[in-house]
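Here is what TrEMBL says about this protein:
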- 21-234: domain 'MacB-like periplasmic core' (DOMAIN)
- 21-42: transmembrane segment (TRANSMEM)
- 274-296: transmembrane segment (TRANSMEM)
- 281-390: domain 'ABC3 transporter permease C-terminal' (DOMAIN)
- 322-351: transmembrane segment (TRANSMEM)
- 371-389: transmembrane segment (TRANSMEM)
- 401-419: transmembrane segment (TRANSMEM)
- 405-629: domain 'MacB-like periplasmic core' (DOMAIN)
- 662-686: transmembrane segment (TRANSMEM)
- 665-778: domain 'ABC3 transporter permease C-terminal' (DOMAIN)
- 718-734: transmembrane segment (TRANSMEM)
- 746-766: transmembrane segment (TRANSMEM)
Amino acid sequence: MLFYYLKISIRRLLRDRVYSVVNLMGLVLAFVAGLMLFGYAFQAWRTDKGLSNNEQVFHLLVKSEEQAPYWYSGAPYFLSETLAGELPQIQNYTRLKEEQLYLNRAGGKERFKGKVYSTERSFFDIYRFSLLAGSFGEFEHYSGKAVISERMAKRFFGDASAIGKFLPLKDNEDNRYQVVAIMENATSRSSLQADILITFPKTSNEFAYRHKVETSLLLAKGTDSDALVQAIRNIRLREGTERVRKERWTLLPFEDLYLSDLSISGFRNRGNRLYVIGTVAIGVFVLVIALLNVAVSRSVDSEKRRTSDKVRACMGENRKEAWLFTVIELGLLVSVAGALALPMATFLYPWVNRWIGFSEIDTLAIDGRMAVFYVLSLIVCVLILFISSRPFLRRKYSLHTALQLVAGIALLISSGIYLKQIGLMESSFDFFKEGERIAYFRLPHHNKDLDAPITLPWRQDLDMIPEVRTTGRATVLPLRFGGIRHVELRTKNGPEQTVQAVRLTGDDRFTSLYHLELLRGRALNPATFPKTRREKYYSDSPRTVEVLVNEMLVKRLGLEDAPLGRQLRLKKGDTSFKIVGVLRDFHFAPIHMPIEPVFVSAEQLDLQNVMLARIPAKQVPKAKESLRKIYNKYDQGKSPAFSLRILEGGDYYKSELRFGKILTVFTSLGMLIVMLGLFGVSYFTAETRTKEIGIRKANGATTFEILRLLNSSTLKQVAMAFIIAVPIAYYAMGRWLENFAYKTEMSWWIFAGAGLLAGLVALATVSWQSWRAASREPVEALRYE
């Protein structure tokens, strides 16, 4: 009996080939989109799941009032030992600190590009890394041991066994690390990206108090994390310093770290919960459009089958059998679409992801959970389509088409506003000029003798490079999230005013290097810079340091009338700052943040170990070689190899740019599915109104009048969909724009353009069928029925 139902259902689908092909194409496209989008979201959601050996592993985070809202994964080295000794809720702990190691290479040392961390034995008790060879047992404190990834073992030792051998990292015998184990490679998204793990060096009090380490705590089940945080704060308050009193602590489950909403500075890999949710929402929208597409076709088909359905009912077919036919037809359609979509999505996934920017995702991982989710999704699709085919809905194909258009127009409006905001982001950094690049390289390890000159002796050589327009020592801008440090700045003369300001370092070329506009005053005078560290730190006479300030700082301190010459001071220290210039406000960080008070000085020039250069884009390769020669001339192989890095504004908006590509691509895909649905409706309309068209033409109606008659209903649907889609898109994008301190306007022309584009797409889709029907000879049309 089931075979009979199956045969009849296949026959029905083949009989209505146009609708079946339209539905199948729409579902295949939607399932491909859904697999890729849900696949990305699923991988993001399960990142770090199962990496820790216990769900009770928490990451210890801290921030100070000056650094709010940024949290830091850095606790004092000895704090975890103290906490574990006094708080029984803490069953174990481990510490992690990023290191820089150098490879021995001919002609000097080369900085190792992989991730190297010093840690301890408990790391392998708390986190789960599969052991491929050797033993974690020998990885003890201060033992000079190393655990390396499978990838590093292949790189350093080839096919030979790495166990027992020393890493070729330094020529200093005291810092050699012997490989005791090989672990599996970390997944590309993991929050623990470790190529090499080495034991902590012998811990001195100086090391312990100077260095901050990432700390993970294994807590007992049922631990009240809020109460534990308060206990940690109480232990820290024993130190009694003002800095400690300003600390705020929190515990974050390690498995939630990747998609946490907290702003965590400097952490290796972070996802974005908002964009993961947005990706899922786009997938749902595209899928809904495709399902509505099928619902439209089913409604149209029910109109065509009305007579045959009545005949079968008279011949004894009951409602249960009719429902069974419907379920089998829909099941066949969805199953075939699902089967076709799976290999297509698997094939396209790496290509699409690389274009979007997810280069770390190479394959679409279909594991057991993903397979179950996919099958359940197909079943849900069948149920939704079955419900939409019920008598009270099946004749509402105009409603289904309108809902398709609502989803499509909402996506178009959202894409327009999103791309407009992306344009604002990319143009927010004034110092990135078209045709130019800002590059920087780390300076060689310079002489730290007190009488050594702070100003580099080879600056004149840099000025002689024809491919370089200007060079300077300065803070690398834009600052990344969490790279911002605030200091309390006060007026020195007159009524005291205080402000939390961002401190930047720059020399006399700071304004020309970053193309900043000087509204008042002048640039910094290099003659006022300290010549040596002895002059800076041990001078008996009080020093006055020249500074540039931005408009925001002037406003906050109430110095709008006469800012030049006014003196400022820090909360601590006796150094005076003299304002010599006022800069126009500029974005020194991503536009998620408001512009803050800023001052620029050469006070910390001796601590600024990078040199920046502004280079024409086409001259970067030549400039790089010239800079390398000068670097090697003065360094003579004592420092790491020369490496030039190019600053790109887009690097600071990677998540936004990726999501923008997702939104653009899959909005286009959604509109393509809408076009398929409109094509099916126009085909049905032209088919059912053939006789009416023939009569109208026989009575003198022109082709244009027939086109207007057939297309008017489509335009009405577009207008109705536009009215519904506008508030939906306006609300959704308004909520998203709240994440930015500086946001684009939701201009009226974006909404109007989306409606106009949707109308043109709809007309272009239905006009072909309408033209065929309108241009048919009246005699032929009347003979048709």
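Every residue gets a Cβ built from N, Cα and C, even glycine.
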Open item on the list: For the transmembrane segment (21-42), I need the partner stretch with the highest count of C-beta pairs below 8 angstroms, choosing only from 274-296, 401-419, 746-766.
Closed with: 274-296
Open item on the list: Below 8 angstroms Cβ to Cβ, which residues of this chain, lying six or more residues outside the transmembrane segment (401-419), approach it?
Closed with: 282, 285, 288-289, 292-293, 296, 659-660, 663-664, 666-667, 670-671, 673-674, 677-678, 681, 717-718, 720-722, 724-726, 728-730, 732-733, 736-737, 744, 746, 750-751, 753-755, 757-758, 762
- [ ] Could you put numbers on the helix, strand and coil content of the domain 'ABC3 transporter permease C-terminal' (665-778), residue by residue per DSSP?
- [x] 96 helix, 0 strand, 18 coil
- [ ] Please work out the mean pLDDT for the residues of the domain 'ABC3 transporter permease C-terminal' (665-778).
- [x] 81
